[in-house]
Amino acid sequence: MEISPETTNQSDNVVMKKKETRGRKPKPKDDQQTKSATKKQQQQQEHEPTVDEKYTQWKSLVPVLYDWLANHNLVWPSLSCRWGPQLEQATYKNRQRLYLSEQTDGSVPNTLVIANCEVVKPRVAAAEHICQFNEEARSPFVKKFKTIIHPGEVNRIRELPQNSKIVATHTDSPDVLIWDVESQPNRHAVLGAANSRPDLILTGHQDNAEFALAMCPTEPYVLSGGKDKSVVLWSIADHITSAADPTSGGSIVKPDSKSGEGNDKSADSPSLGPRGVYYGHDDTVEDVAFCPSSAQEFCSVGDDSCLILWDARTGSSPVVKVEKAHNADLHCVDWNPHDVNLILTGSADNSVCMFDRRNLTSNGVGSPIHKFEGHKAAVLCVQWSPDKSSVFGSSAEDGLLNLWDYEKIGKKIERSGKRAPPGLFFQHAGHRDKVVDFHWNASDPWTIVSVSDDCQSTSGGGTLQIWRISDLIYRPEEEVLAELEKFKSHVVACASKSEK
């Protein structure tokens, strides 16, 4: 079943946008409102729906499209959102950790936020309830648990699979910061407060490393990329005890080091140099990803329009360098956890490409299996579903989060008289500005958390949404039709009884 609240025609005039907008500081509200009013006037002149009109249309369809949705207004934008460990299971909902950030304008410190989220179970929420939310309010399902005062803005958050209480953050510096979020003290983020002290600092970059960050699924390895055009690999095994058992109370911190409140320089934090530094890109490295089955194999993408595959066992040179993987900067990459031959890339050319690593190039340039074209602005994030090998999501500066299934390519889907882009089966249109990050929930596979930076289009800072599409959308068509027929029979039977 194919449902979307938006038409998905791609504009012929592709506007290239540089990724710097992802790290933009919030603008003053007067400036925001002026730009927003100008944008609305232009849209009205061009007879295009405004952001508010599109949003109103989407909100009216929420009871049909979603099994559950929670909307949480953020005072400050968050450039990253990640699910943490599941804490508790109950009859109708589960409690789970959620990692966010607050990117401020300097009036208060930047923070790493650990929240507790109540995740409502499938087919529990009432349709009329999920659409009755206030865009400017905080959700009762999301509660702040702990605040860490972060030295610099938080551009990326990644959790360590081997120890769910350890997270890494990228900031506006060359270092990667490692945090034990359970042992870190809760801090009050007021102007002038000292920074929290990282539990470990990973050194090795020669210039700022802001966005490219990944954790290895099989070993406690960290991978990073930065403006120095390098990819850097660390093994933090020496700093972790009992990593395989999160309940054992093992810590990333060595016995002679201290966690907790510190000074701005984080001088007392232990540091760790890299296991390897890899050069092959000619511009900033924008994203990195590990091969799901190997700690030694990984890939990277950058502003040089290249996708590079690496193998730490063969040295520091690229194994394969794919020139012109896209026609513009590459912003994001993800490696399929179910099929290690499939790699996704997202670009400023508004498209997502799927590559097969066994056949990456043709005549010296990138040769993707398929190019997915459903966004109208730069793609900022791509991620494979943890549940279904052919499904993935992509988010972009157009405010949309698209869900794709490459197995649907070749099947004609007519939507309001217009054909949808091949493979696209759902568009989440609940954000009113660029969707900077999202994360599938491995504990509840069709539940997604997404964040948008709304400073430009609204007077708010950002929007966090947690949502699950109706299972009638992604389940096999025959199965859905059989269930609907059964439901129809039930309704008819009830109606006939009431008439007697």
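Every residue, even glycine, has its Cβ placed from backbone N, Cα and C.
Residues annotated as compositional bias 'Polar residues' in TrEMBL: 1-13. Feature annotation from TrEMBL assigns compositional bias 'Low complexity' to 34-44. Summarising the annotation, TrEMBL assigns compositional bias 'Basic and acidic residues' to 255-267. Annotation source TrEMBL lists domain 'Histone-binding protein RBBP4-like N-terminal' at 53-120. The region 'Disordered' annotation in TrEMBL covers 1-53, 244-278. According to TrEMBL, the repeat 'WD' annotation covers 278-320, 372-407.
A mean pLDDT of 97 is what the model gives for the repeat 'WD' (278-320). Outside the repeat 'WD' (278-320) by six or more residues, the chain places 19, 209, 211-219, 221, 223-227, 229-233, 326-337, 340, 343, 345, 347, 355, 357, 360-361, 366 with a CB less than 8 A from a CB of the stretch. Assigned with DSSP, the residues of the repeat 'WD' (278-320) fall into helix, strand and coil as follows: 3 helix, 24 strand, 16 coil. Mapped onto DSSP helix, strand and coil, the repeat 'WD' (372-407) counts 2 helix, 18 strand, 16 coil. Using DSSP to sort the residues of the domain 'Histone-binding protein RBBP4-like N-terminal' (53-120) gives these counts of helix, strand and coil: 13 helix, 37 strand, 18 coil.
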